Structures are given as structure tokens and as C-alpha cells.
Amino acid sequence: MPAKLGYWKIRGLQQPVRLLLEYLGEEYEEHLYGRDDREKWFGDKFNMGLDLPNLPYYIDDKCKLTQSVAIMRYIADKHGMLGTTPEERARISMIEGAAMDLRMGFVRVCYNPKFEEVKGDYLKELPTTLKMWSNFLGDRHYLTGSPVSHVDFMVYEALDCIRYLAPQCLEDFPKLKEFKSRIEDLPKIKAYMESEKFIKWPLNSWIASFGGGDAAPA
């Protein structure tokens, strides 16, 4: 039975989950809530048997989960992506946390009502953050070496969203630029991005100051 996902009809926190499932070739069905579906979600929220009801959610024949990182870890664990030693598992957990920091730094700016005032400071600090990630990646193809793992999709999605705000941000970081292209060139990811299922925009909720409109910046 295909897993069931639920989220808003945006990229948001669910996009890395979608990318991971597509890469793994796992079948899933997704319920997408639109801009005007808040009442629909509130009607569903406490009637699905979720322990901690929220979006995104993931339901399969063995468990019902919310919280995007928990969902990612569960799927990754089923496919042996969480490491085989305490040291490997700790390192992967560290990357997960840093990946969420990367994304949430972007998100905080995007949802700030004073977006135009605060984005300058964010963009000023961005090269330092990207340099850290470039140094961490080093000469590896993927963040944990090889093959690709769930954390690669977390970092990829953050980088892809950030480039809408700073289109040239990766030009000084060729290793990150190559990493991003490497993810996009994975056959199943490439096919997904060319399909009708792929959500290119919006990046964030419709209430966001940036990344939440009906159309991407020109």
C-alpha cells in the first residue's frame, strides 16, 4: 500500500521528503491543501490518528508520523541510510541539524514582515555559511561520501530555495554548484522535476513576504 503524505501545496518542509521518496522509488499518495484549505485541514487534523497532529504527515502500514525530520529519518532508516556505527549516526544527525539551520535561516528572512530591511544582513552573512558547507563537502560527491543519503536532499532543497533570493550565491562555491547539479541529474530526480507532480513554486506559505506568491520572481 502506498504511503500517504499530507502538506500544503507548496515546497516548504515537505520537499526533501518528496525528493527522498522519488529517489528511492517508493510509491506514495499526497494530499495537498491549497491556499484556501485551512478549515479543511483543521477538520482533518484531529481525526487521522496522529499522535502529534501537524503538517507534514506521513502514514504507512506500520506508523503514522509528523515532523519533517522524523519522517526523513524513518524513511532513511528503512533504507539503511542512518549509518552503522555510533560515530556515523552522530555525524548524520549533526548534518541534519545543520541542514535545518541552513533552511530556517532562509525561512526566517522570508517570513519577516520587514523582509526588505532584514534581507541585506542575511545576504551579507550568506557567503560565510556557504563557505562552511563547501568546506564540509570537500571533494566528496555527497555529504556523507557515497551513495546519496537523505541529508543531501535536505541541503539541496535549502540551496535551491536560497538561490531564488540570491541567484548568484553559488558562483564562488563551485563544489556546492556541482553538488546541486549532481542531485538534479540523478535519473529519478530529473524525471520527477520534469513531471506534473513537481512543485516548483511557492517555496513558502502564501503569507510569506518572499517565496510565497503565485509566481516565481522573473
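Glycine residues also receive a Cβ, built from the backbone N, Cα and C atoms like all the rest.
Marked as glutathione binding site by Swiss-Prot: Tyr7, Trp8, Trp41, Phe42, Gly43, Asp44, Lys45, Asn54, Leu55, Gln67, Ser68. A 10 Å cutoff on Cβ-Cβ distances gives Gly43 (glutathione binding site) a total of 10 other Cβ atoms nearby, all chains included.
The substrate binding site annotation in Swiss-Prot covers Tyr111. Cβ neighbour count for Tyr111 (substrate binding site) (all protein chains, 10 Å cutoff from its Cβ): 16. According to DSSP, Tyr111 (substrate binding site) sits within a helical segment.
The domain 'GST N-terminal' annotation in Swiss-Prot covers 2-83.
Looking only at the domain 'GST C-terminal' (85-203), the predicted model's pLDDT averages out at 97. Residues or ranges marked as domain 'GST C-terminal' by Swiss-Prot: 85-203.
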Other C-beta atoms within 10 angstroms of the C-beta of Leu55 (glutathione binding site) total 19
How far is it from Leu55 (glutathione binding site) to Tyr111 (substrate binding site), counting Cα to Cα, in Å? 18
Cβ neighbours of Ser68 (glutathione binding site) where a neighbour is any other Cβ within 10 Å: 23
For Ser68 (glutathione binding site) and Tyr111 (substrate binding site), what Cα-Cα distance in Å is obtained after rounding to a whole number? 19
If H, G and I count as helix, E and B as strand, and all else as coil, what does DSSP give for Lys45 (glutathione binding site)? helix
